[in-house]
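Pulled from TrEMBL, these are the features on record:
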- 306: active site, thioimidate intermediate (ACT_SITE)
- 398: active site, proton acceptor (ACT_SITE)
- 249, 250, 251, 299, 300, 301: NAD(+) binding site (BINDING)
- 301, 303, 306, 468, 469: K(+) binding site (BINDING)
- 304, 339, 340, 341, 362, 363, 386, 387, 388, 389, 390, 414: IMP binding site (BINDING)
- 94-150: domain 'CBS' (DOMAIN)
- 154-212: domain 'CBS' (DOMAIN)
Ligand code: XMP
């Protein structure tokens with residue numbers, strides 16, 4: 001041990017010193033940021049790639065609010081791709097390839113298809129893609145003769161309102177309104193289906209002006225991949241489904257295995273933005289950036305379900321990790337994501353002030369309606385299951401192991417299974433978080449997140465300071 005031991009700090013060890021501010025209302029604070037090179041967000045929030053946090057429902061709501069979700073990787077490739085597809089199809093200006101069936105399909109098949117894809121309607125086309133009709137979920141709801149052809153249940157072409165290819169969106173909106181319809185198929189001069197405009201998409205565009213969208217007006221979504229097994233095949237399948245970003249997930253991102261993975265994925269999928277992590281040092285950040293990643297995920301052991309630090313003795317307190325990694329990444333113009341340990345808006349502001357351009361949230365979102373975790377009732381209160389991705393049972397399921405003691409004993413978990421209180425909808429959680437962030441920016445005299453990073457002055461606090469900062473000497477009402 002030649003060098004003196006550095007001190008590592010985390011969120012509770014510091015506060016941001018209030019500074020003169022010209023910001024008069026919270027609304028003046030602009031929270032736009034970058035997830036990675038090439039992807040901008042209206043709010044600096046990323047939902048964690050964990051199987052009790054992010055699938056299509058979570059990714060869709062987070063993207064509508066201006067952040068982005070990363071679909072976890074602990075499901076078969078076909079299902080992983082289907083989750084991405086659900087988000088990409090959740091809304092768009094014009095759906096270029098609407099769901100279709102042929103006239104020979106049965107009502108049973110069409111109903112199952114709509115159910116599986118979460119779609120409220122399906123178009124019937126012939127072999128030359130000529131539009132024959134439309135079927136909605138309502139048309140088949142009480143149908144008893146499910147083996148009849150779909151043509152028996154559809155609204156036929158003659159009674160359908162359609163519009164020509166290339167109809168401007170304002171005009172499509174007017175037609176939908178005039179005819180009080182939900183779906184407007186677009187057809188070319190030969191009557192072939194070329195797209196679909198839905199009133200739901202138009203409503204959503206007006207309602208969520210800050211949504212994170214791609215150039216075709218579809219919600220953006222990311223997906224995680226691992227470093228072993230089918231990761232390359234998975235990466236390719238996700239990119240074919242037009243996933244917006246891939247996140248290489250490895251507990252120790254400063255490793256030869258991580259670099260080899262980045263290079264292999266880059267070679268197979270040269271154009272997709274690539275994020276890798278996790279690291280907790282400037283060297284780790286620089287080495288990943290040298291491999292060509294577009295974003296770096298930072299955090300070794302700060303997560304609420306992590307036991308990495310207890311089990312391995314390794315890690316860096318998260319604020320110090322963000323400061324060090326952020327400085328190294330800024331030299332290269334690459335954003336970092338602060339991953340783990342964010343318990344509320346105060347931690348979010350500190351993470352962003354320390355150098356992160358976004359924060360990945362697990363715990364705060366795991367208790368929301370949109371998370372895939374199971375609901376549990378305990379003592380009359382509602383909770384949702386939230387589990388670390390390196391916890392015992394998660395690791396066991398992943399290895400496809402029978403749950404026998406001798407095999408389970410080979411697993412060295414670095415996470416725990418837990419539950420978190422039910423928190424309602426994710427959008428409401430984000431409203432509180434982003435509201436707190438805006439206030440925090442104004443205390444630092446910042447109207448943008450770049451100014452927040454530049455202006456930030458941290459002060460270290462003692463345990464007495466932490467206690468003073470909590471409600472004290474009162475009996476809370478709830
Ligand atoms: P929060 O604090 O939001 O953190 O719950 C979410 C992040 O925790 C990481 N994670 C783990 N880390 N063992 C770990 O050491 C685990 O089992 C585990 N599961 C998740 C991950 O980075 C996530 O985004």
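Every residue gets a Cβ built from N, Cα and C, even glycine.
Checked against ligand 1, the recorded positions 340, 386, 388, 390, 398 give 340, 388, 390 as the ones with a Cβ under 6 Å from it, listed in sequence order. Cβ neighbour count for residue 388 (IMP binding site): 23 (other Cβ atoms within 10 Å of its Cβ, all protein chains included). Every protein chain shown contributes to the tally, and the Cβ of residue 386 (IMP binding site) ends up with 25 other Cβ atoms within 10 Å.
Under 8 Å, Cβ to Cβ, and six or more positions away along its own chain, residue 362 (IMP binding site) finds 47, 48, 50, 53, 303, 304, 305, 340, 386. The average pLDDT computed over the domain 'CBS' (154-212) stands at 90. Rounded to a whole number, the distance between the Cα atoms of residue 250 (NAD(+) binding site) and residue 306 (active site, thioimidate intermediate) is 14 Å. Residues 252, 253, 277, 278, 279, 297, 308, 339 surround the recorded NAD(+) site, their Cβ atoms falling within 8 Å of the Cβ centroid of 249, 250, 251, 299, 300, 301, which are themselves excluded. Per DSSP, the secondary structure of the domain 'CBS' (94-150) breaks down as 16 helix, 17 strand, 24 coil. Cα separation, residue 388 (IMP binding site) to residue 250 (NAD(+) binding site), rounded: 13 Å. Counting other Cβ atoms within 10 Å of each Cβ, the lowest count among the binding-site residues 299, 301, 303, 340, 469 belongs to 469. In sequence order, 251 are the binding-site residues from 249, 251, 299, 301, 469 with a C-alpha within 10 Å of the C-alpha of residue 390 (IMP binding site). For residue 250 (NAD(+) binding site), the nearest of the recorded positions by C-alpha distance turns out to be 398; the candidates were 398, 468, 469. Within 10 Å of the C-beta of residue 398 (active site, proton acceptor) we count 15 further C-beta atoms, all protein chains included.
Neighbour count (other Cβ atoms within 10 Å of the Cβ, all protein chains): 10 for residue 468 (K(+) binding site).
Straight-line distance linking the Cα atoms of residue 301 (NAD(+) binding site) and residue 469 (K(+) binding site), rounded to a whole number, equals 25 Å.
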